[in-house]
């Protein structure tokens, strides 16, 4: 190996670099991922602000509990339409312009909600915003994953979830301050101010490059190389990444032309057949893993806690409106704080350990919450321990979710699909995510009235046990693996698919290149 290294140096072909050498994280890639992820703030804000706004909307527009459920969940049902079309749109117009499209749609929806004179107009605005949310949820993690190096992909791809949590927190804060306005203006201000972030985001989008993987799929090799040089830690890493992307896109790896004509379709045609009708065994396993992780993210009850936290705290014994809104802000702070911790652990600890630990904490906290709320509801005297247990386990549940299942859902599902199938495969996962989110949002009040609020959280605890088993047996580790190797990861036995050290891509590939020289 030493002789090979010396020979390469003398010929000045590929300079040697060592991944353990201290290198700063690529600031340009981070900036691009942050800007792309900012679109997710819109979803978070809408979810957070609606939890408090519903209290005022119900009072102002005199709507029923059933209409409250529809108002809470309709955004996610409409997001289903957005997510199913976003994959094809991003293959057609590119990842960057899909983010632009999402911002425009959400701006129109937020403006309509803020000006809504009646419940039907409010629902219409929420439906339009929902389509924008579907686009945003699909495109932000896909774009972040495609510009990231394997060593930092977990961190950058989890940024959308951070932005969702930050948006939820902003929504809670908005509830608290705008609640002081007259009733007719308060909730409209809460919803209408959501039109501002898309305007700010539009300025940053024009500074973002297109995804290098999408550029290669269109045959624009030079443009892809230029982007990779800017988002990689070194020119050598950029060339290695380009080589693997070309191979995945069906481009001859030795091709040096600036623009090549691809023989295969690159606009997303035929992808649904490869995903659903004739999938290879690895693709079938990838699809099951992606659908499963999106299903369990919301089937375990996070939307019930985030969206209906004022009702839960009220059931637990907090009665005044101000205290309810302050406690709800505490949920937002907890969610944001623990997701920030998760982002720094994803590329160090790995996806599986965090995921399984997260589910373990969720099982314990949901069981405790179910017990506490059951005791409060069925005991006439004030049980301080049960009230304290209920409040504590709400925060423990949110923390457990945020340290693993929350961010990893988006990281994992955006990185496991092959290049050609990635956008539309991710859109299927987002569609499942929105269906489950909408289902929980629109049925939680009816559910806890039918089986008691404590029983509802015992049910979520049981689903969390099933989720733990699903992730243990069907979701292999992906930490440190290049996106182009994911089919290989899922072609092995799922449980025993060996985790790869995060330096493997850079070091292993460089050494292979040098040896071959």
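Placement of Cβ uses the backbone N, Cα and C atoms for every residue, glycine included.
A TrEMBL annotation is a machine prediction, not a hand-curated record.
Positions annotated as transmembrane segment by TrEMBL: 28-45 (among others).
Residues or ranges marked as domain 'Major facilitator superfamily (MFS) profile' by TrEMBL: 32-479.
What TrEMBL lists as transmembrane segment is 70-87 (among others). If you look at the transmembrane segment (70-87), the same-chain residues 6 or more away from its ends with a CB under 8 A from one of its CBs are 46, 50, 54, 57, 63, 98, 102, 105, 119, 122-123, 126-135, 137-139, 268, 271, 307-308, 423-428, 430-431, 433-435, 437-443.
The feature transmembrane segment is assigned by TrEMBL to 99-117 (among others). Among residues of the same chain six or more beyond the transmembrane segment (99-117), those with a C-beta under 8 A of the stretch's C-beta atoms are 36, 39, 42, 46, 82, 86, 89, 93, 124-133, 135-136, 139-140, 143, 188-189, 191-195, 198-199, 201-202, 205, 208.
Beyond its flanks by at least six residues, the transmembrane segment (123-143) meets 32-33, 36-37, 39-40, 42-43, 46, 70-71, 74-87, 89-90, 95-96, 98-99, 101-114, 116, 157, 159-160, 163, 191, 194, 211, 410-411, 413-414, 422-423, 426-427, 430-431, 433-434 of its own chain at Cβ-Cβ distances under 8 Å. Residues or ranges marked as transmembrane segment by TrEMBL: 123-143 (among others).
What TrEMBL lists as transmembrane segment is 155-178 (among others). Cβ atoms under 8 Å from those of the transmembrane segment (155-178) belong to residues 25, 29-30, 33-34, 36-53, 137, 140-141, 144-145, 147-148, 186-187, 189-190, 193, 306, 322, 325-326, 328-329, 331-333, 335-336, 339-340, 342-344, 346-347, 402, 406-411, 414-415 of the same chain, restricted to positions at least 6 beyond its ends.
For the transmembrane segment (184-206), same-chain residues at least 6 beyond its ends with a Cβ under 8 Å from one of its own Cβ atoms are 35, 38-39, 41-42, 45-46, 49-50, 52-53, 56-57, 60, 96, 99-100, 103-104, 106-107, 110-111, 113-116, 122, 125, 129, 171, 174-175, 178. The transmembrane segment annotation in TrEMBL covers 184-206 (among others).
Among the features that TrEMBL reports, coiled coil is placed at 221-248.
What TrEMBL lists as transmembrane segment is 324-346 (among others). Taking Cβ pairs closer than 8 Å, the transmembrane segment (324-346) reaches residues 48, 51-52, 154-155, 158-159, 161-162, 165-166, 168-169, 171-173, 175-176, 179, 305-306, 309-310, 313-314, 318, 354, 391, 394-395, 398-399, 401-404, 406-408, 411, 479 in its own chain, all 6 or more past its ends.
Annotation source TrEMBL lists transmembrane segment at 358-376 (among others).
Long-range contacts of the transmembrane segment (383-412) within the same chain, counting only residues at least 6 positions beyond its ends with a Cβ under 8 Å from a Cβ of the stretch, are 137, 140-141, 145, 153-154, 157-158, 160-162, 165, 289-290, 293-294, 296-297, 300-302, 305-306, 309, 312-313, 315-318, 327, 330-331, 334-339, 341-343, 345-346, 351, 354-362, 364-366, 368-369, 371-373, 375-376, 433, 467, 475, 478. Summarising the annotation, TrEMBL assigns transmembrane segment to 383-412 (among others).
Among residues of the same chain six or more beyond the transmembrane segment (451-474), those with a C-beta under 8 A of the stretch's C-beta atoms are 285, 288-289, 292-293, 296, 299-301, 304, 312, 315, 352, 355-356, 359-360, 362-363, 366-367, 369-375, 377, 405, 444, 494-495. Marked as transmembrane segment by TrEMBL: 451-474 (among others).
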Q.
Averaged over the coiled coil (221-248), what pLDDT does the predicted model reach?
A. 87
